[in-house]
């Protein structure tokens, strides 16, 4: 069977949409003060360009290149790009932003510094480009769209094709897509062209009118006119480029700047034996109306377009057809943004192919909607990207528009700065670790998003991380021991560390009989194996029998076994221990409200919960304050109800425990805490055998120094998988970076290269 009619003969259940995607986005760093090209080096926060897989520099030191990992869906690739963009925006200097347009602002060659790369070849290659094309032309930016047809899709098409060699089949299939893409590329230039003008001084001769896409015209970043590479066969394609390299017309194979590039091997000739792996489509201008430079709708519309290239037959006289198509593309690129497609266009053929695909393979209605939008743009150029951008041109310039959009997107990156855009549904500690992973250039894969399970790697070194800090560094049994508060107390007591006295109960009746022994004492009632402060009731004065019974009911909901311990007076502090060292100390203030003289307790809680730092399920630095049984019991002990109005300045606690996870406030006291307590907490974690540990100490007076013989404190709990976000993004205080230190411990070879 011929490749040309392959899809037409495929069954409707073919996994047509199965594909792998990758995006590359170029953007210039701009100085906020003068809106000129930033003159600072590539940010040191972004690790080493020797190996960074996600954030590189393109031609110049100020031109960032954001590169997604391979994604198995179009949604995932855009999410990757959004996260990498988020990291880039928050890693550049605070007085900089990323330019949102393909064409640069006003710029001079003196402002452009070639990227200071350690790779001698790459640096020399950029020097060569400077001499041949000039620095200014290199400042044009865009989006590269990479796509590989899915393995199941390729296998089914191969079986249908009748080919004997899978490599030959792949090569012919991808070459056909490349051929048709070049033949119909002008359609994408019409829809997505977004470089309508050049700022003063960019072009040698000013344009007579605003256009659709300078970047996609002969005025953009293209090879010299003498470079003509045929696409009629893979052998001719390879031989032609090799000839130009050998003759010196091209310095390397990668200097061939086609709108589509065959990818998968370092050298083109390897495609004959190893096969083309995927295609790189290089003709997309940045969409300045989106902070990522491209939208989901564009990605999916282009995907449909590429599949249509597989549906359509290739032209019979290919080389002549591609020459004609190139001229048409240049004409459309240099036409006015509000001008309709020229009469010689064959847009109807492309649209019909898309319609046929949707119908034949029964694609979701979403693709019908995409096609409807495309048809509207064909009829009305105002709806195209350049048509929309045309409205923002002022005094033959887009600089003001670019400045505003660029700064808006930079500010957006700093909104909810504790989160990683696109991954907000994951636990905050995991988001923070992912941010640092991307920033430092460590490869990552989310193995299970709901379970917060990550795979991280650099070269051959692989680490698995769960919930932000559960790693292979901790023995399996250690978290189990810390989850069991009885076991924890026994181990600490055996090692000479102070813990509260108390008793354990497996049933409520037995615990109620214990009341006679504690009825006149302050106590704490808590589940045996809970975390995050769940099910804990604290009585700083003696509890009534009724309140004690309520506390037992609350605790038994969380676990089958309950502890009743003595209440230790003093202030509770959380010490974060990593590999035998205290990295942070937090004073946690129990969930509370402060009266204003006219609001009820219920209203005060609602007001405090409106703080943007508060959220749920560990997705925000602070947690929403609930009004459940525990809070109502605490409120009752203080003599108030939810409908009472608190006097101005009156503080009322709603929880006895001070966990941030139950609505508490976080105050960083790392720098002011006496080092003796930090060391004592670290020693406790070491005694437990924990690599990562949260140590909760009650300290009556921090002015007194601590020692093992005279600790002046009591350990009420050790926590496996301690939260990290509360140490970094605090209610008060400077905050301490934790996730970066976790990565440095896991990948010491990375930190030595940064």
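From the backbone N, Cα and C atoms, a Cβ is placed for every residue, glycine too.
The ATP binding site feature in Swiss-Prot is assigned to 516-574; the stated evidence is sequence analysis. Annotation comment: Swiss-Prot describes 696, 717 as Mg(2+) 1 binding site. Per Swiss-Prot, Mn(2+) 1 binding site is recorded for 696, 717. The feature Mg(2+) 2 binding site is assigned by Swiss-Prot to 717, 719, with sequence analysis given as support. Here Swiss-Prot flags 717, 719 as Mn(2+) 2 binding site, drawing on sequence analysis. Feature annotation from Swiss-Prot assigns domain 'ATP-grasp' to 489-752; the stated evidence is sequence analysis. Residues annotated as region 'Glutamate--cysteine ligase' in Swiss-Prot: 1-333.
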Using Cα positions only, nearest of the binding-site residues to residue 524 (ATP binding site) (696, 717, 719): 717
From binding-site residues 696, 717, 719, the one whose Cα lies nearest residue 564 (ATP binding site): 717
Binding-site residues compared (540, 572, 696, 717) - the one with the fewest other Cβ atoms within 10 Å: 540
Surrounding CB atoms that lie within 10 Å of the CB of residue 548 (ATP binding site), all protein chains: 22
Neighbour count (Cβ, 10 Å) for residue 524 (ATP binding site): 22
Residue 540 (ATP binding site) - helix vs strand vs coil (DSSP): coil
Euclidean distance between Cα atoms of residue 516 (ATP binding site) and residue 717 (Mg(2+) 1 binding site), Å: 26
Listed in sequence order, residues with CB under 8 A of residue 556 (ATP binding site) and six or more positions away: 508, 527, 562
Those residues of the chain, 6+ apart, with a Cβ under 8 Å from that of residue 516 (ATP binding site): none
Among 540, 548, 572, 696, which are recorded as binding-site residues, the nearest neighbour of residue 719 (Mg(2+) 2 binding site) by Cα: 696
Residue 548 (ATP binding site) to residue 696 (Mg(2+) 1 binding site) - Cα separation in whole Å: 24
Arithmetic mean of per-residue pLDDT over the domain 'ATP-grasp' (489-752): 92
